[in-house]
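J.: This is the structure, below, for whatever I ask next.
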Amino acid sequence: KPDGGKKGHHVALAFGASFGAAFVIVIIVGLLVWWRYRHNQQIFFDINEHYDPEVRLGHLKRYSFKELRAATDHFNSKNILGRGGFGIVYKACLNDGSVVAVKRLKDYNAAGGEIQFQTEVETISLAVHRNLLRLRGFCSTQNERLLVYPYMSNGSVASRLKG
């Protein structure tokens, strides 16, 4: 029986060491995933209400939510240009007098929505062609994601392509 007690002690020690090592590895992997998520999230957007309005991403201007809300008359239904699967598009007049179209995205906080928004802004901003609308800027707050395009006075892009 003294041999059985020693053997049981060794098994318990091996089990405890294995469990402890696995627990430490899970904690380290969890911290690395959390750090990468936080790091990747802040590479492109620093969600802050008090930012420098002159911060730009390439040719894109970063607009404040207050500026776009005022430009669309508090997202008034009279200014709606169209509705799509990704959100509602409003006609807006900015402080400098330029007329733009503001797309207010919906479901950005759904699974993968934030990454999809960042990817869309990066991709659209790189797409340059004479037949494509060029993205002018964006707005990103904790609760809102908006894209700013030049205003097309003679109808939608779809109607122009059909004509």
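Just so you know, the numbers here start at 1 and follow the chain as drawn.
A Cβ is built for glycine as well, from the same backbone N, Cα and C atoms used for every other residue.
What TrEMBL lists as ATP binding site is Lys103. For 75-163, the entry in TrEMBL reads domain 'Protein kinase'. As annotated by TrEMBL, transmembrane segment applies to 12-35.
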J.: Using a 10 Å radius around its CB, how many other CB atoms surround Lys103 (ATP binding site)?
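T.: A count of 20.
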J.: When the pLDDT values for the domain 'Protein kinase' (75-163) are averaged, what is the result?
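T.: Its mean pLDDT is 80.
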